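For 518-963, the entry in TrEMBL reads domain 'GPI ethanolamine phosphate transferase 2 C-terminal'. Taken from TrEMBL, the feature transmembrane segment covers 6-28, 469-494, 514-533, 647-666, 673-693, 713-735, 756-779, 785-804, 816-847, 853-880, 901-926, 941-967 (among others).
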Amino acid sequence: MGAAVARWTVAAVLLQVAGLSLFLYGFFPVKPTLSGFSGTESYGMPSCSPVGAGEQETALPPNQLRSLYRELSGVPPVYDRLMLMVIDGLPAEFVLGRGGKPPSKEMMESMPYTQSLLAGCKAAGYHAKAAPPTVTMPRLKAMVSGAIGGFLDVAFNFNTQAFLEDNLLGQLHRIGCKLVMLGDETWIKLFPTLFARQDGVSSFYVRDTVEVDFNVSRHLEFELAAKDWSVLVLHYLGLDHVGHMGGRRSVLMAQKMKEMDDVIRQVHAASLQDNLERTLLVVVSDHGMTEGGNHGGSSYEETDSLALFIGHSVERPHCSPYDQNEALQVDLAPTLALLFGVPIPKNNIGVLLPELFNSLTDEQKLHTLELNSWQISRLLQAQIPAFCLEDCINSEDGLGIDVRHESIEKKFCHLLYNAFASHRSSRLHQGSDFKSDEARYVATAADNYYGFLRYASGWLSHRATDKPFYLLISAILMMAMSCLCLMGTMSHLFKGQALSQADRHSDSYLDQRWHLDEVFILTGIFLYVISLGSSSFVEEEQYTWNFLTSTLYLIFLIKTVQSMLKGSNSTLVHRVKGKSCDRNNFSYAVSYELTPGKQDGYKLCTVLTVLVSGRVIRAWHQGGINWVHFPDISKLLAQADSSIVKSLQTISVLAVVALYSVSLMLLRARSKFVIGVWLSHVSCGILVLMHIWGNQINTVLPVNHSTSIARLFYATASVSISATLLASPWIFPIYSTEAKPASSDSNPVKHADSHGISNSVFLTGITYTVFWCLLQLLLQQPINAIPLLLIFLQTVSSVAHFSLDKTLHKQWVQGIALQFLGMAGHFGLGNTNSLASIDVAGAFIGISSYSTVISGILMFIITYGSPLMLYLGMVIYISVNGCDDISTRWQLKQRYVLDKMVTLPCLLPLLVNSVALTSYTIVLLLMRNHLFVWSVFSPKYLYVCAATVCTYVGVFVIAMTAAYNCAVFSFRARSYRDTSH
C-alpha cells in the first residue's frame, strides 16, 4: 500500500503545481501597454484610427527634435534643468504633517531648511499616494512613466530588468538632455543606457544606514559645480534602511532626516547660485513605511509618499503649507513632461498638478490640460474600442447624455464634450473687458478638464486587466482534482488502518465514535475556508488561528482531565506501557519509570504549557493590519532599553541549549558522536550569543565581525545537521539484546528493537528543531526571542503529550494540531497577510553584499520560521509514534517502517494545504473585480503560494529523513542476517 500511496501523492502534488502555475500565469498577466514612444502626434487631437509612433521625428537630431516639440506644443518649457532627489521610504507625514496639522516638533526640528521653504511659500508639497505594492522598483516606474505596473512587480523588485516602456527620462534623453544618476542601482538596472555618469549602490543591504548615503553625497560637490548635465537623479536609501532596522521611531530617524535636510539645503543653494529661474528641485519618496519600518502593502502609512517641488513656478505670496494637498504618484510624469517641453509618456494615467504652472498664461494652462486630455484619450481608445474622441467632440447631443445610465464610453464622451466646449467658450471671451467673466470661463474649463482627467485616471487605474477566464477555470479544476486525489488517498489509508486494527481487535477499532476534537477540527477547517471570502478576516487572520489552536488544546485539556478521572484507567495504562512505552524512547524516555499518577500529571502539564505559551504569544503582537496600533508586549519592548531585549534573547538561547542537553540525556546514548553533536550545538548557541551582544539594535554601520560570526554559525550548523542525519542510523543497535533466547537451540535473535530506528529519527528530529530555533534567534527581530522559545516549547510539549497516551487522540488529530500551532506561531511572530510585515533586515545577516537567491532564502526562512519549526517537530513526532509495532524481523523491512512512520504525517499537511490553496484560489477568482483585489486578496494569495512551498519543504524533510533511516536500518538488518547465517 505504501508504494501506491506514494505514487498517488506525487501525482497529486505535480497536478497541484501545474494548476497553480497556470493560475498565476492567467491571473497576474503583464498589463497591456501602448508600444513605442510619444512623438509629434502627442500635440494633435487623436483620430479614431490607430496612429503610429511617428518614425519621421525619431530620425531628427536631438536639438531639432527639441525645437520641433516647442513649436508644436504651444507651451514654452518652464525649466531647463531637473534635480530629482528621491528619499527612499520617507513618509509625507514627516514633512507635511497629517490632516491639516503640521508634523511633530521633533520632525520639524529635524528638517529646518525644508520647513522654512514651506513656510515661506517657496515650495509646494503634496501627499502623493503610491499604488500598491509599495516597493521601490514599481514606484520608480510609476513616477517616470505615469503608469501603474502589474501586481507581480513586487517579485520583480528583487531582480530588476530594463524598463522599455515610454518614460520621462527616455523622452528627455531623446531631445539631448544629459542625465547623471547617484544612488540606488535600481535606476541603472531600469535605464542601463541613459546615464552619462552614474554611481550605484545596492538597495537591499538594509543594515547599512551610513555608507549607502555617503556614497551619494561624496559626488555632490563635483556634480553641482558641473554645467554639462540637464537631469541629476539622487536616490538616498539610508532613511529606508533606518526604518527597516528600528521602525518609524528609531533613534536614528531624526539624525537621518537632518542629514537629508542638509542635502536639500546644499542642492537648493547650488541652484540659486546657478540659475534659479531655469532649475527645478523635486524631492520625492517612493513609498512610506509602517510603524515597524516595513512597506509593501496598501495602508495609509505605506502609500503616503512625498512630492515636494522647489522652483520659481510654485512661489506665491500666500500659502497654507500644511494643508492636506493630495495627488497621485503617477501625476509626477505628466507634470514634469509638460514643464520640460517633452511629450507625455504614452501609458501615463496621471493628471498634471496645476500649482506648478503658475508662471503660464491662462490659455497656456488650459492647453496643458488639453494635451493631458488628448494623451489620456489615446489610452482610452486603446482600452475601449467603441470610444472615439472625434465623435465625442462632433456630437451635437453631448450635453444631453444621461451619464447615470449610459455606457462608459458615453460617460467619457460627455465629460470630454463639456471640457472642450467650455475651453472654446473661454477662447471666445479671451481679452474681454470683463476680467471676472474671462476668469470664470477659464475656471469652468479647467474644472471640466480635471473632471474628465480624474474620472478617466481612476477608471484606468482600477480597471481589472482582462483575464483568460477559461484558463483560470482549467487551473482551478486541476487543483481541485489534486485535492480530491489526496482526499481519496487519505480515505484509502484510513480504510487500510481500520482493517488492520480490526484484525488486531484494537481499542481504536472498537471505539469508532466521533470525538469532540475530531468534530472541532473538521468544523474549524470549514469555517476557515468560509472566512477566506471576507477581506476583514483575511486582514486579521491571526484571530482565526488563535481561536482554532487555543480551543483545540482546550479540548485536549478536557479530554486529559476526563481520562485522569476515570477509575478504570490503571488497567489501560499498564496495557499501553506494556505495548508501546517500554519499547519507545520518548514520553521523553521517562516512561520507563513513570507511575500512572505521574504520567497523568505530565500529560496535564504538557497541554497547560501549550495553552499558557499560546496566550503569551498572542499578547506579543496584538494587532494584524487594521489593529496594529493596539498596545502589546512587542511595542513595549521596542521602546525599552536595549539591554532588556538582549537579556530576553540570552534567556531564550540558554533555554534552547538546556532543553537540547536534557533531550540528549534522556536519549540515554553516550556515544562520542552524540557528545560531538551536543558540543556543536553549544558552540552554535555561543555564536548566537556573541552576535546578540556584539550588535546594537539600531545598527549604524555594517559590522564585519558580526557577519563573520553569522557565517561561522551557518557553517557549523550545516555540518552538524548533515553529520547527524547521515551518521545517526549507524550508531544505534538493530536488535534488542533482551530478545536473545535462554536456550541455545533457539534462534539467537527473535525480535527487532524499535529503540534503534526510533532513537535515530528522534536524534535527527530534535537536532533539526533546536538548530532551526537557534537560526531563528539569529535572524528574527530581537523582540521575537521569547515567542520563538515559546513556539519551541509548544512543539516539544505537544509531542510529549501525544506520546504519553496514544489512545487519547487519533493520529490525524495530532498531526493537524501541530499544523494549527505552526500557523498560530506564524502570526504570533508579527507576520500578517500584508507584504509590509516581511522582515527584510534579517535577510542580510551573515552576507556582506546583496544576493537575490541567498537573501530570498533567508527572507523565506524568517517569514515561515514557525510553520517550518513544527514540520521539523513532526520528525520528532514520528520517532515516538511511528515505530510502536516493530517487534519482529520482517517488520523492520523498509516498506513497512516507511508506511508506519511517513504516510500520515506527510499526507495530512499536503491535504490541509491543498484544501486551503484550492479554496482561496476559487475565492480570488470570484473576487477578481472586488475593490480590494490588489490590496487584500492578491497579497494573501502570494502568502498562500509561499505556504504551499513551505509545506512541500516540510514534507520533503520528513519523508527524506524517514526514508534514509529506514534504508540504512533495512540494509544493516540484511547484512546482520547474512553474517549470522
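Using the three backbone atoms N, Cα and C, a Cβ is placed for every residue, glycine included.
A Cβ distance under 8 Å defines the sequence-distant neighbours of the transmembrane segment (514-533), meaning residues of its chain 6+ beyond its ends; these are 541, 544, 548, 551-552, 555-556, 558-559, 809-810, 813, 816-817, 912, 915-916, 919-920, 923, 926-927, 940.
Here the transmembrane segment (756-779) lies next to the transmembrane segment (941-967) in space: the count of CB pairs under 8 Å, restricted to residues six or more apart, reaches at least 3.
Counting Cβ pairs under 8 Å to the transmembrane segment (853-880), the stretch among 647-666, 673-693, 713-735, 901-926 with the most such contacts is 901-926. Looking just at the domain 'GPI ethanolamine phosphate transferase 2 C-terminal' (518-963), the mean pLDDT is 82. Taking every recorded stretch in 647-666, 785-804, 941-967 and counting its Cβ pairs under 8 Å to the transmembrane segment (713-735), the highest total belongs to 941-967.
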